[in-house]
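Data block below; observations after.
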Number of protein chains: 2
Amino acid sequence: MPTNVFSPPALEPGTLRVFPLGGLGEVGRNMTVFEYEGKLLVVDCGVLFPEEHQPGVDLILPDFEPIRHRLDDIVGVVLTHGHEDHIGAVPYLLKLKRDIPLIGSGLTLALIEAKLKEHRIRPFTLTVTEGQREQVGPFDLEFIAVNHSIPDALAVAVRTPAGLVLATGDFKMDQLPLDGRITDLRAFSRLGEEGVDLFLVDSTNADVPGFTPTERGIGPVLDQVISKSPRRVIVASFSSHVHRVQQVVDAAAANGRRVAFLGRSMVRNMTIAENLGYLNVPDGVLIDYKKAQDLPDDRIVYMSTGSQGEPMAVLSRMANLEHAIEPGEGDTVILASSQIPGNENAIYRVIDGLTKLGANVVHKGNAKVHVSGHAAAGELLYCYNILRPRNVLPVHGEYRHLMANAKLAQDTGIPAERTILAENGTVVDLKNGVAEVVGQLDIGFVYVDGSTVGEITDADLKDRRILGEEGFISVIVVVDGKTGRVVSGPDIHARGVAEDDSVFEGVKPKIAAALAEAVQSGTRDNHALSQVVRRTIGRWVNQSLRRRPMIVPVVIEA
Amino acid sequence: MPTNVFSPPALEPGTLRVFPLGGLGEVGRNMTVFEYEGKLLVVDCGVLFPEEHQPGVDLILPDFEPIRHRLDDIVGVVLTHGHEDHIGAVPYLLKLKRDIPLIGSGLTLALIEAKLKEHRIRPFTLTVTEGQREQVGPFDLEFIAVNHSIPDALAVAVRTPAGLVLATGDFKMDQLPLDGRITDLRAFSRLGEEGVDLFLVDSTNADVPGFTPTERGIGPVLDQVISKSPRRVIVASFSSHVHRVQQVVDAAAANGRRVAFLGRSMVRNMTIAENLGYLNVPDGVLIDYKKAQDLPDDRIVYMSTGSQGEPMAVLSRMANLEHAIEPGEGDTVILASSQIPGNENAIYRVIDGLTKLGANVVHKGNAKVHVSGHAAAGELLYCYNILRPRNVLPVHGEYRHLMANAKLAQDTGIPAERTILAENGTVVDLKNGVAEVVGQLDIGFVYVDGSTVGEITDADLKDRRILGEEGFISVIVVVDGKTGRVVSGPDIHARGVAEDDSVFEGVKPKIAAALAEAVQSGTRDNHALSQVVRRTIGRWVNQSLRRRPMIVPVVIEA
């Protein structure tokens with residue numbers, strides 16, 4: 001993972017140390033640690049979703065190794081907002097130490113508390129709101145409203161005697177947000193005048209020119225599509241995107257339709273959002289999906305999960321007719337969501353399935369039903385010019401995003417040597433207004449697979465990739481312990497290699513002959529005999545099938 | 001695969017039968033069979049590239065089953081153009097019968113001949129050109145120029161007493177193509193006036209509104225990027241895209257740079273294209289890549305393969321510093337290509353790798369360096385209005401593309417019952433100006449894996465998916481044939497499941513106990529004992545690890 005590991009020096013008094021444990025060189029598992037005078041503050045603690053080269057993995061966590069033995073030093077975890085890539089790893093951190101305090105806005109804490117409940121953890125929490133200032137250990141924290149694709153997101157300013165750091169979390173600068181809660185540029189200006197020593201800034205859309213369009217532009221499109229739909233309407237989006245759901249609810253109500261939520265996370269999150277006042281549903285609009293099925297087709301909008309083509313989510317199951325609600329001729333399906341890179345094929349499989357059932361599928365490819373939640377290049381330039389930070393550390397993004405963000409900073413006059421291109425585990429010290437890389441920790445990926453955390457290694461994933469591409473051949477031979485003579489076998493079992501195991505009949509005598517020869521020349525050791533088996537069948541399968549399955553030779557003495 | 005299999009009736013005299021064997025419900029392996037009076041004409045014979053749910057597969061072929069026993073009836077294979085998804089399966093068809101004649105344009109035949117040479121096959125060929133008419137068995141063929149992302153593409157009109165069929169192949173309607181060879185709408189008009197009974201039409205971009213921009217627009221962008229590049233320029237694109245390469249060559253020459261081709265298919269195809277006059281390289285511009293490394297950095301453009309992030313292609317190897325040419329600070333890389341769905345992650349990994357090395361990466365996301373090769377909705381409307389076909393069979397595309405194309409046809413006034421939404425194996429009969437579905441053949445995917453064709457089944461792929469996601473546990477027990485007592489084992493070997501096999505120590509006594517109990521209650525049969533092993537370890541791994549690896553129990557008598 002890190003290319004150039006070296007240890008940081010002992011932290012000097014009066015110096016602030018910052019080291020990201022996740023979110024750099026990737027989109028997900030955001031987590032950054034601040035250290036001052038022996039105390040640690042964590043900002044965000046999210047998960048990363050696996051890609052195709054990480055088969056079978058459920059989730060990927062930040063590597064807690066650098067702080068694992070310092071859990072008592074953690075004075076708090078600030079959660080900037082409630083998305084999985086910022087809060088999803090909190091349960092795994094709290095399993096190491098349950099009483100680490102969580103700090104965040106009302107909605108953010110409500111979402112993490114619901115998640116922790118499933119892990120049977122009741123956390124210590126401190127609810128904060130924009131404008132609020134809190135001293136947590138040696139860290140003087142100020143929270144600032146930012147606009148994002150989930151309500152109640154916060155940036156955090158961290159003051160220590162070493163200087164002022166501003167971490168944006170995820171944000172954009174929609175100037176007409178649905179809830180009127182804009183990214184607080186007045187607060188940014190005040191911080192800029194005070195002097196921002198280090199700026200940790202969202203890079204997700206730094207390579208997108210211009211400005212992210214307003215969320216408000218989606219409502220009229222939804223309204224128009226719904227008003228023209230002759231039968232049922234099914235909208236899929238992210239289950240945390242309260243404002244998107246709000247617009248669906250509003251468009252449904254305006255067209256005399258009721259709304260039913262589908263999918264466990266959608267139901268859970270919207271219940272929370274409505275209870276806390278983030279989602280406003282007119283009386284009599286919501287309906288349970290079971291009762292909704294009795295309504296006339298043109299009186300209902302289903303709001304569901306599954307916009308990324310996830311095979312177990314509601315929308316995929318509908319497309320496969322594995323859900324109580326079966327889409328058909330005249331129904332309209334709206335995917336009011338992005339296409340996260342890597343998910344395109346799964347999304348298009350769902351779109352094709354729904355189209356085949358007769359549904360009219362509206363998605364971002366053919367209508368303006370999605371806008372991003374992240375600031376594009378134009379917005380980031382505003383931030384740099386308002387803040388004029390002394391040092392910049394682009395975070396949250398693949399390398400090309402971090403690089404693009406650094407270039408934007410430099411375009412506004414920040415010197416190249418003051419824009420730090422870091423990776424996960426890079427240790428940055430801030431001292432006398434200068435931020436510098438002082439170390440690179442050796443950290444990696446922590447895989448959650450089933451009930452295990454960190455037990456599946458990269459070597460296991462490599463094995464899985466080989467197995468998944470080529471299958472395996474297991475060859476079992478029982479030999480007489482004294483004579484080395486073959487007593488039983490070779491028995492060959494293969495999966496994913498050939499239609500049936502009879503193709504291996506021809507190689508069995510070759511294996512037996514190779515073993516006999518080895519025994520005759522004095523080989524008795526099981527491992528050496530296994531290697532003889534491996535070489536013989538390996539050569540055969542490569543020559544006869546032109547393939548390289550995994551070979552598992554087992555020689556048993558009996 | 002096909003949802004509703006039923007046999008077509010015997011073909012009546014005077015009726016034309018059409019059945020696609022590939023290319024419907026997918027983008028790739030295009031192949032359509034025409035049958036008249038006992039003779040078969042094949043149009044295209046391409047391959048499909050596997051998706052992530054088809055792991056380890058090299059290529060997917062059309063299912064030749066419906067024509068396998070009628071190879072002697074095939075009077076010819078028309079190849080509309082030289083792309084892999086139209087010619088790639090020809091070697092596999094010719095392996096069944098070597099003397100089936102191939103019919104196509106000069107470039108198309110040169111490309112397939114080069115490919116067949118690798119398979120040691122010298123085919124019978126008939127070179128045709130636009131405007132040409134040829135009687136092939138009972139089929140009266142007319143070839144019509146079409147514009148596509150490879151030169152020398154042809155549509156084919158097939159006349160029999162049953163009527164006139166027009167198959168477009170892949171095409172678009174660039175009105176200012178680089179070689180001046182436009183899709184021949186005058187010929188389309190003539191056919192329309194004669195009366196087109198059935199129209200087989202490219203659906204790839206039917207759901208894209210408007211018009212595909214002209215290829216000519218890319219040249220100035222390439223010129224500008226190259227002129228501003230301080231050091232080396234590396235351009236990656238499809239190795240068959242002669243016009244794209246022509247524009248790179250022209251922009252390089254205009255900027256005083258020489259061009260070196262990189263990658264086996266790029267070198268091979270461009271040699272063919274230059275020899276046949278499709279690619280015009282000014283004297284002294286081409287240079288061997290080994291010599292190119294001696295040139296000053298600002299005097300060279302490398303033209304390479306790998307624009308889809310293919311791990312073994314030149315561009316990926318450059319990004320991983322596994323190629324003689326190592327990109328660095330100040331170099332410019334241009335991906336002048338589309339992002340084929342499913343390849344995005346691989347492409348972005350290459351972009352990130354190159355960015356990290358210091359290269360400036362230009363791609364379709366940040367510059368106009370690619371246009372599609374297929375007609376968008378606006379162009380298709382022109383075709384429908386010029387041709388006014390009696391029946392339409394949209395081909396070449398996923399279901400949503402076929403559906404969008406059918407809708408366009410209907411928008412121009414073709415009745416819904418005359419637009420046929422077919423899948424692979426759908427049998428369509430044309431008689432008295434009416435085309436109707438008369439059968440659905442039971443055909444599937446034919447996987448090429450290593451040297452085997454059609455031996456890997458969907459069941460094998462399912463095994464591979466399980467192995468790739470979860471790994472496997474093999475449990476080997478040697479029992480005494482007479483007493484059923486365990487003589488050796490259980491021996492447990494696992495891959496992709498746990499970091500080391502010691503985690504299984506705890507379950508071994510459980511397996512031994514379960515076997516002893518089974519033997520005591522009279523079980524001797526090896527299969528039944530295997531099932532005892534499978535159940536015991538399956539339950540254990542599910543409860544203790546929450547996973548479901550493949551379990552391979554082996555009970556051996558000795």
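Backbone N, Cα and C atoms are what each Cβ position is placed from, and that goes for glycine too.
Quantities reported herein were computed from a predicted structural model and do not represent experimental measurements.
With A:His81, A:His83, A:Asp85, A:His86, A:His148, A:His396 listed by TrEMBL as binding Zn(2+), the candidate from A:Asp63, A:Asp170, A:Asp411 annotated for that site turns out to be A:Asp170. With A:Gly56, A:Asp58 listed by TrEMBL as binding Ca(2+), the candidate from A:Asp449, A:Asp458, A:Asp460, A:Asp463 annotated for that site turns out to be A:Asp449. Within 10 Å of the Cα of A:His374 (substrate binding site), not one of the binding-site residues from the list A:His81, A:His83, A:Asp85, A:His86 places its own Cα.
Considering only the binding-site residues A:Ser239, A:Ser240, A:Ser372, the Cβ with the fewest other Cβ atoms within 10 Å is that of A:Ser372. The closest partner of A:Asp202 (active site, proton donor) among the binding-site residues, by CA position, is A:His396; the full candidate set was A:Ser239, A:Ser240, A:Ser372, A:His396. A gap of 9 Å separates the Cα atoms of A:Ser372 (substrate binding site) and A:His148 (Zn(2+) binding site). Fewest Cβ neighbours within 10 Å among the binding-site residues A:His81, A:His86: that distinction goes to A:His81.
Each residue contributes its Cα atom, and for A:His148 (Zn(2+) binding site) and A:Val371 (substrate binding site) these two points are 11 Å apart. Note: A:His370 (substrate binding site) has non-local neighbours A:Ile218, A:Leu335, A:Ala336, A:Ser337, A:Ser338, A:Lys364, i.e. same-chain residues 6+ apart with C-beta under 8 A of its own C-beta. Taking each Cβ in turn and tallying the other Cβ atoms within 10 Å, the top scorer among the binding-site residues A:His83, A:His148, A:His241, A:His374 is A:His148.
Closest by Cα distance to A:His241 (substrate binding site), from the binding-site residues A:His81, A:Asp85, A:His86, A:His396, is A:His81.
Of the binding-site residues A:Asp85, A:Asp170, A:Asp170 has the largest number of other Cβ atoms within 10 Å of its own Cβ.
Remark: of the recorded positions A:Asp202, A:Gly373, A:His396, the most isolated position is A:Gly373 (fewest other Cβ atoms within 10 Å of its Cβ).
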